[in-house]
Amino acid sequence: MDGIMALARSGWAYLRFFVPIALSLGVIYALIVGPANVLVGVLAVLLGLSLAERVSGNDEQTRAYGHPRIFVWMLWTYLPVSLVAFWAFIWMLAHGHNGGDLLGLATWVQSLSGFDMVAAHAGDGWGSYLIGALLFSQIASIGSVSIGHELSHRTWEPYSVFSSRACSLFGLFTYYAIEHPYGHHFTVGTPADSSTAFRGESVYRYFLRTAPQDYQTAWAIEKDRLDKMGLAAMSWRNRLLQGWVAEAALVLFVFAVSGLLGLFWFLLAVLNAHFGYKLGTYSQHYGIVRVPGSEIKAHHSWDSFNRVTNWFVDNIGRHSQHHLDPQREFWRLEDVHAPRLPHNMGYFRAIGLAIIPALWHRTWSPALLEWDRVYASPEERQLAHEANLRSGRPELLAAAAHEEALAVAT
């Protein structure tokens, strides 16, 4: 019995990081059988994940894996998963547009399983399309900024970089593999970083401010790279332009097969994926300050060691060491004694707070003041003081006023 339990624990040590794949396969199933037909199941999964995160506790351990290549193969499988999910989602939109069987998906499903996909989607309406768009946006998010994020850092493997950019195409995220490793990882904690939210800034203002900044940063990176090669910014070697051409082709394809209404639902899924990405980065670096050009240290990110969080995002909750060593594989990330999300919360709870700004600021203001006292360098304390004065948050303004009063008194 002990041997069986040890084998089960060893297997789970690998399988826990397959949660994004499992959830994505569930999304494909839902898109095939009809999103409205599995709505109760979808809501149950979301509720289950949220509850599991609250009770699962932290996992502080870093394990040694005898077969780490399994994780690389897992990452690589996400491109075909994304392709099938895109096919199923666009099939639903195209079928609603013209009643057809896009690329024979329904025929293929029926030949394999006997399931009548056309009949299952006969009653599709706005509710089904909305649920489908929200489900597909999760595929786009995982492929772009979860699994795709890990792939984008494996720069020594051309196929991994290709997979990252290909997966990101379905969420119109092709800029990410340029901006993230060559922008964010150098500017984190500074005003130049589009993944660091200002103190007092709601996630909605943060999204509107930084979404355009992502593209501006990616363009500047590519322009600088091409300048060094003696090439014009509009060269065909511009990776950002290559991505935009691919995105334009994808958008035209969606419009051609599903019409204007289908394109609307696809773009809604894309918008939700981009907003979901900002919800994640909002939690990872909110309110952090760093002197531009100074060394990036562990305290320039917020960590989460919550079990469920890290199963879902392939350990990226261990964010600080990822910034200290961006090419370190996700399964080898360790605790580097960085600041953590308040109350040891996971990402799902943090997202729930972020969408209600009043709750977010009430929770985070004490954490920011602790960061100022415990982690900030003298230069960073001055930047934090100035950020507190600009924040508009009563708790932070009071702390800044108290500091100024002490300075006058001394």
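Here the Cβ of each residue, glycine as well, is placed from N, Cα and C on the backbone.
Taking TrEMBL as the reference, the stretch among 126-147, 214-235 described by the feature transmembrane segment is residues 126-147. If one looks beyond the transmembrane segment (12-32) by at least 6 residues along the same chain, the residues whose Cβ comes under 8 Å of a Cβ in the stretch are 38, 41-42, 45, 63, 65, 67, 70-71, 74, 77-78, 81-82, 84-85, 88-89, 91-92, 109, 115, 117, 120, 131-132, 135-136, 138-139, 142, 146-147, 311-315, 330-331. 75-94 is the stretch from 38-55, 75-94, 159-178 with the greatest number of Cβ pairs below 8 Å to the transmembrane segment (126-147).
Across the domain 'Fatty acid desaturase' (125-342), mean pLDDT in this model comes to 95. Here the transmembrane segment (75-94) has Cβ contacts under 8 Å with residues 20-21, 24-25, 27-28, 31-32, 35, 100-103, 105-106, 121, 124, 128-129, 132-133, 135-136, 139-140, 142-143, 147-148, 150-151, 154, 159-160, 163, 166-167, 170, 254, 257-258, 261-262, 265-266, 269 of the same chain, all six or more residues outside its ends.
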